[in-house]
Every structure is written in C-alpha cells, then in structure tokens.
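Would you mind keeping the following structure in view while I ask a few things?
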Amino acid sequence: MNHRITVRVAAVLSVALAFADVQAHAADADLVKDAVELSKRVSVAGPRPTWIRAERARGTVDADLRLENVSVLLNRTPERQAAFEALLREQQDPDSPRFHQWLDATQIGERYGASAHDLDALSDWLRSEGLRVEGVSPARTRVRISGRSADVARAFDTALAWYDGDGGRRIGAKSAPRVPAAFAAAVRGVVGLDTVVFRPGHRMSAPRAGAITAGGPAPAGTSCGADGCEHIVFPADFARIYGLDTPPASNVGGSGVSIAIVGRERVYPPDISNFQSILYRTPPRVAQVIVPPGSLDPGDPASTCSTTGGTPSCTDPGDEIGDQYEATLDVQLAIATAPSADIKLVVAADSDTRNGVQEAIEYVIDTSPPPANILSISFLSCEPANGAAIAHYLDDLFAQAAAEGISVLVASGDAGAAGCEDHTAPPTANQSRAINVLCASGYVTCVGGTQFADTADPSRYWSDTDGNGYLSARGYIPEGAWNEPVARDGSSSHGATGGGTSLYIPKPAWQTGVGVPANAWRNTPDIALTASSHDGYFTCMAAQRGPCTVSGGHFSFLVSSGTSASTPAMAGIVARLNENYSGGQGNLNPRLYALASHPSYAVFHDVTVGSSGVASCDLAVPSLCNNSTPGPTGPGGGLKGYAVTDGYDLATGLGSVAANYLMANWGGAQPPGVVLNQHGISGSWAEPNAQAQGILLTVQPDFYAPGSGLLFGGWFTYGAEAGDGARWYTIQGEVAGTSAILPLYQTVGGRLHTLQTTTTTPAGVATLSFYDCTHGTLQYTAAGYSGTLSLTRLLPNVTCAMNGNNGVSAGHYLLSGVWADVAADNGQGLVLDLNPAQHVLFGAWYTYAADAPAGADASSQRWYTLQATLPSGNRISAIPLYESRGGTFVGQTPATTTAVGTADLTFHSCTSATLAYAFDPGTNGGQHGTLELSRLTPAPSGCHL
C-alpha cells in the first residue's frame, strides 16, 4: 500500500473515532426530565442485606446521630454507558488507537458522567431534605451526602434501626430506599444506609524462631516436629517457585511503579525495616502512609503487646491489632515480590457511621492523577451480607479504576465456598455458598489461594540448607486448592480459598475458556497463589512477638497465610509487569484469560486433582482438591464447595502464575513462538533452576513434508529420589508451527559398548514451545510427575529465527544432531551441539552401565557430557567426559560433576563419525572402545566438511 494513503486512512479513522466519542459526549445526557413530586416515589434497591430481619432489630437509631458515609449512585445515559464500555474495551485492544490511553477521574466525568443538569436537580432536592451535599465524585457517578439520621431516613422514605448483624452491631434501613419518581432513571441506588463490615483476610501463627546465619544444618524458616516439617516461604522461595528469579521477570523489580494498599491501621516502621534488612541487607524502603482528606486517622501503630492482660493482648489481639497486622502483611509481601516498588499505605479508620475501607478505595480511584496504578485490597465481606447496591457501587468504582489504568487485586476469601462465614471463628451449622463482594466486579483480578502438595516427599521440593535470602525451595511445587479444615489444636476450622459465582454481577465477555462454568454470572477467583499456613509466608510484627530483631544471631518472626497474603504478593508481580511494559495495565483479566486459552504461553500452573495429590476427590470431604468446608465438629457436615479441574475452576481460577512466562508473553496479541520446523532449534537447552541436567534437541526440517519436520531430543536427568542416579528419556515426533505435543520414551536394558537387548516404552508426553530463539518451555508428564521446565539455550544461537532460518552461515553447526552406533544396535547414542559462534562442542552420550545385567531397569542408565573447544578441522581430540551425580528429577537438588575420562571424535562426513573413548580407572572399570556413529537423519542442506 502507498505510504501516504496508509497515513491518510489512519488519520481518517482517528478522526472518525474522535468524532464518534464527541457525539457520545454531546448527546442529551439529562435523565431528570420531570419536576420533583415528593408524593411519587420509586424504590431504587435490589436484593437487601440478609442480616436485616425484624427478629435481629435492636432499637431505633438516635435521630440526631450524624451519618457521614452515604452516597447516591448515579446512572449514565444508555449512550454514555455504551461509549464508556467501548472505551474500556478499546483501552485493552492493541489494535485500537485508544489502547492504554488512560483517563483521569475528572476526564471520565466530563465525557461519560452525569450531566450538570441532573447533578443540580438531585443536589437541590437533597438539600431541601435538610441534608448536606459533601461533594460529587470526579467521575460524576456518586453524590456524597451527610446529615442527621432522621433527615436521611425521611429523605429516602425509610426508617433506620440498629441490628445484630454478623460480627457486631450495625445500622440498617428497615425498608428499601425510595426516591422521587423524577429521579427514577438517574439514581441507581443508595449506599451508606446499611453498615458494611469488611474483615481483614489474614491468618497468623504463633511466633517462630529463626537463625540469622544462612547455610546452617536446616533453613531458618523450617519448623520440624512429630508430624514432620513446615517450610516457611521467604521471598527468595516465592521467587524460585513462581519464576520471579528467571528472566525476564528477574530483570525488573517494580522500579518507578507505585502500589496502593488499602488499610485501617498504620504499620510500625521498624517491622518494615527489619523485614527488609534481614532479607536484603540493603537500606530499607519506607512505605508512605496516606490518610485521605476528611477520613478518620487511625492514630499511631502498636509496637508491643501484653501477656498479662494489658492492651493490646498478645493472645487475643482484637480488631485494632488485626487491622495493623493486615497492613503489615500486605506491605511486606508487596515488598517481597517487588522490592523496588513504591508502597503507599492508604489508611482510614471505621466508626459506626464511617467505612474506612470504602473511603480508602475511593481516595485512590478518585484522585487525579491516581497515587498508584496498582491497588491491593485484602478485606472480605460476602455478597448476601451487602446486597445488590454495594455490589453495583463497587463494580462502577472499579470500572472507573480500569479506565484510569489501575489494576485492582482483591482477596477471594478465607472460608472456602462459604464466603459469609467468619474465617477466624469455628464453622457454623448453616453455611451457604457466597463470594467476596469486593471480588464480584469483572474489573478486579480476584486472587485465590493454593496449597503446596509437598507432604509426601518434602525433600524433593525443599533443600536441607539455606541459600541466599534463606532460599530453600528447589523449584516449582505442585499445588492443590488451599484447604486446611483442621486447626493446630485438632478442632474444626475455616481456612480455604474463596470462590464461587456472583449473585449480582453478569459474566464479562472475556471470561471464557476450558472449565469456565456455563452460567450468566461473574465467576471467581481469577488466579491463585500459595496461601496455606502449612508453607506460610515469612512476616515481621513486633506487636505480635515477631519483630525480626536480631539478637545473638537469632530472630523471631511470624508465619502468615490466607488470600490476603497471596493478593499483595500478586500485586508485586504486577508491579514488575508494569515496569517491564512501561506503565499501568488497567484491568488484567481480559489478557489473563486470553493467555490461558493458549497453553503454549505456559503462563499458568493449572491446579487439578492430579496436581493436588488427592487420590479420590470427594466434595463432601474438605481437601486440596476442593474448597469445601468442615462442619462445626469435624470435616463432615460442612458445605460442599467446588473441585479443582482442568483449566479454570471456582477454587483456584486459572491456576497460579509462572511470572517469567507472564512477563515474557504479556504483550503479544497472538501466541508468540518460534517456528519449530527449522534446524536452528537444534542445540543444548537447560532449566536454569535444575542442577546439571538438560535437553539436547535436533530438528530435521521438512522431514515429513514441506513445513513439517522431525524433532529428536535427549533429556538427561535423574531419578525422582535423591540417590536414584542418572536417568534419560528421548523425545521425538513431528513438528510444525510454534508448539508441538510429543511423546517421551524410555529405553532400558542396554550395556555399555556391548550388544544387549533393549526395550523402549512410552514414558509420558511433553509440550514443547519457544517464545524466542534462546528461551522456551517444556511442559511434561513423565515418571509419575508433571511440571514445566523453563528452557534456556546454553550456547549462542546460530541460525534460528522466529519464522525459520536467519541466513547466517552455519558451518560446523550443521553437524549438530543425533548420532548412534547403528551397527552395534545397543540402544544408545549421542546428541551433539557444535557451536561455531562460541567455538564449543557440547554433547550428551546416552548409555548404560558397563556391568548392567540383561533386562535391567532404568537404574542401569548412564549419561555423560562432552565439552571441548571446537577446532577448525574434522577431528576433536582429548574431549573430557563428565559424569554428574546427586541430582533429582525435579527441583534443584545439589549435584556434583567430575571428569571421568576422555574421547576423540572424528567426522568422516556429514553422516559418519567415530568416537573413541577411554574411561579413567574406577569409572566403568577403565572401559575403552570405539563407536562407529551414523547420523540418524539426513544431513541438513548446506552441510559439508
């Protein structure tokens, strides 16, 4: 296309879009058409809070009690609402001129909010009722008022009473609010007449002791007893498990990004500085505390607690310390996953007539420009206890946040599917399914909880010694749904990931995919991260006897859990995402579900019954395969929740995130990937977090047909248990496109350089893909395990390009491939990687023990690596042979690598070579011999000596 024509078409399209937007703004935005007649009224409430019942009423509210947290919610005209929703879609569409073109709250109000006429008419009526109009929200969707309770009740044609609500005394309207019929189209609802109670979602343990010296006999955070060991998740562990220590996630730390955390209490600054000092040994970053103008200041934080009946109590902390603990946990876990981000703790206290959580949320979203483009909320309140008005109020507020580029993350809940249960109290006899009302909006990313399925073989996943930052996790750990139905004292207890379906908010268009329920309503959660106390998070808080103050080489700390821990941890991951992509991302959900629809992205660890370790999943029994809840006296008699399933489920959402792949694949509109049908894939690849093991691959392009090649690989690894020794698998099959599902095979029964019958059987399946020419992923199910290897090329790329050969002269690289002594027929071979860019030969020899008996199992397998400088000729002499020992199939079990012999490799042609080897005495009994090697695939085009 002619360049000038292209530019002109783009300009015309931009003008057309702008014109359409102006038309929406200029359209008749008035919804109040008639004069106000007080005798004509309409109800503006949907379903009411379930605790407002006559038998729970406890007296009339004093007529002079001043209500200060009442807001009238406003509708947009249908035209403006449609235009606003179009904006939200286009802001997430990379092909739209409005992609990531965020607005501030005032701009949203000017373009899409209520008209000045409607605001004036409503305000005049409210004042005529004796109420004070405190202000109109910048987005023109709320009018905030205050006044005597008697005046408020009269204005909305209701009566206010005290009720015995869940968790304490509350104010509630005896009947649904009513407004003059003239406002029927303009007013959506009224909030603030019914008390909203948000509970912090954290869970904490008794103080623990840890050693400041790393590298001791056991990790600082390991607690062992008669029932086994608990492993504490330090930030380094979290990074290892979820890929934050792997590029590109490890290249960023949230620098230049702000995270706003909603709270009701300040944090004690030494708690934050001690947390950072112990972990990072660097000057700590100070969290900024913001009290919204006009909100109630909670005052100074506690610095200690009393064991003798004083306040605050160490054993019965109460609400105030609970709120401080929540703020402390949230700040520390945001720092843990985004150590370079700026943390802003927005705090406002509650009263009988004020809701601090709401005021803090409104402050972040209504301020222009927003103080942060990430908002983390770890408070809980179920939908039935709030009614439809609160659900719609929050949905509108979070939609505004999305238009401003704010990513909102909310905890799914800690009482499993029974979202109205108090997770800090014993289970009741009458439980019902419910979700956190703060999660109901499709404009928030609802974060659930997982639990590591590591109890059967802890040493497979956790090291016995510390690394830097108290690292003891070896790598990713399979997960189930977080579900801990039994307390430490053996009593029945709530402790499970929240999830379920909204009563009031429709399902968003993007919430589709494998496992998503076929219903019409919003489903939660969206994603999940570890939240159990079994492997809880390291936390510091002096007022609960875990100050992390070092004394005599030791310190005491707390172990925290709950979805209010997984939520700020995810906020930190998003901060890294924002830094990597240079700005706020707004509503994360459309992209998350798009990523999940393409398994080649490998962004999610799918939580299934298989990964949970539960042999037979029964919804009547709370376990890692569900978010069912226990009854008052034991595991039975509770509420049946939701099972984990392939793809999405109502316990863990899409699963937990692999942060490195999330970061790498976030920006692509289509599944990124390297075309596999090219010789450039050939080479040596390894998982950076797996010790002394890897995969050598070779591709014969167009082997089957044009565009369809043959891939062969050898995976050199270890047995599942420490001490099992070497193991190897082959992977082979047809490749076309950017992803391939290939069978894994295991060959056993052979013997070093001696003809002995071998047996090859299927051992599993692998999905292989590469998102560039140096990074990829191998998702596998093998040896009774499933997982994902993050592959990195060990030697420089030579000829690989995203869509095929890059045209670079390959030279000796074309000798790379799979070679075997075909005549000997002894079931062994080599995969070689000759890299002229770095002048290095790397190879793996897949063989067997010299004394392996006939019919031996995989324990007789052996593999050796060859590493040498690549000369210019066809003969490579005195190549060291290396043997690695001590590793395990998964994780980062320490391994040792030693030289065990030498070999000479001579290439006679592109399809014929000789390997002469000699092992040192003691290894394979000093065996020596010769392998006459043939290439198992045709020579690549252009290969010559």
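Using the three backbone atoms N, Cα and C, a Cβ is placed for every residue, glycine included.
Any TrEMBL annotation is an automated prediction that lacks curation.
What TrEMBL lists as active site, charge relay system is GLU326, ASP330, SER564. Taken from TrEMBL, the feature Ca(2+) binding site applies to ASP606, VAL607, GLY647, ASP649. The domain 'Peptidase S53' annotation in TrEMBL covers 232-669. The signal peptide annotation in TrEMBL covers 1-26.
Help me picture where these features are in the structure shown.
DSSP assigns GLU326 (active site, charge relay system) to a helical segment in the three-state reduction. Every protein chain shown contributes to the tally, and the Cβ of GLU326 (active site, charge relay system) ends up with 28 other Cβ atoms within 10 Å.
If you draw a 10 Å sphere around the CB of ASP330 (active site, charge relay system), it holds 32 other CB atoms from the protein chains shown.
Annotation note: SER564 (active site, charge relay system) sits in a helical segment as assigned by DSSP.
In this view, GLY647 (Ca(2+) binding site) is surrounded by 17 other Cβ atoms within 10 Å of its Cβ, with every protein chain counted.
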Would you kindly give the Cα-Cα distance separating ASP606 (Ca(2+) binding site) and GLU326 (active site, charge relay system), rounded to the nearest Å?
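Per the Cα atoms, GLU326 (active site, charge relay system) and ASP606 (Ca(2+) binding site) stand 28 Å apart.
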To which of the binding-site residues ASP606, ASP649 does the lowest count of other Cβ atoms within 10 Å belong?
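Each of the binding-site residues ASP606, ASP649 was scored; lowest Cβ tally within 10 Å is ASP606.
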Nearest by CA distance to ASP330 (active site, charge relay system): which of the recorded positions is it, out of SER564, ASP606, VAL607, GLY647?
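Nearest in space to ASP330 (active site, charge relay system), counting only the recorded positions, is SER564.
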An 8 Å radius from the center of the ASP606, VAL607, GLY647, ASP649 Cβ atoms defines the neighbourhood of the Ca(2+) site; name the other residues of that chain inside it, in order.
GLY515, PHE604, THR608, VAL644, THR645, ASP646, TYR648, THR652, GLY653, LEU654, GLY655
Other than its own, how many Cβ atoms are within 10 Å of the Cβ belonging to SER564 (active site, charge relay system)?
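The answer is 33 other Cβ atoms.
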Whole-number Å distance between the CA of GLY647 (Ca(2+) binding site) and the CA of SER564 (active site, charge relay system)?
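With distance taken Cα to Cα, SER564 (active site, charge relay system) is 24 Å from GLY647 (Ca(2+) binding site).
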In whole Å, how far is SER564 (active site, charge relay system) from ASP649 (Ca(2+) binding site) when you measure between their Cα atoms?
20
Would you count the other C-beta atoms found within 10 angstroms of the C-beta of VAL607 (Ca(2+) binding site) for me?
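There are 31 of them.
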What's the CA to CA span in angstrom from SER564 (active site, charge relay system) over to VAL607 (Ca(2+) binding site)?
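So the alpha carbons of SER564 (active site, charge relay system) and VAL607 (Ca(2+) binding site) sit roughly 20 Å from each other.
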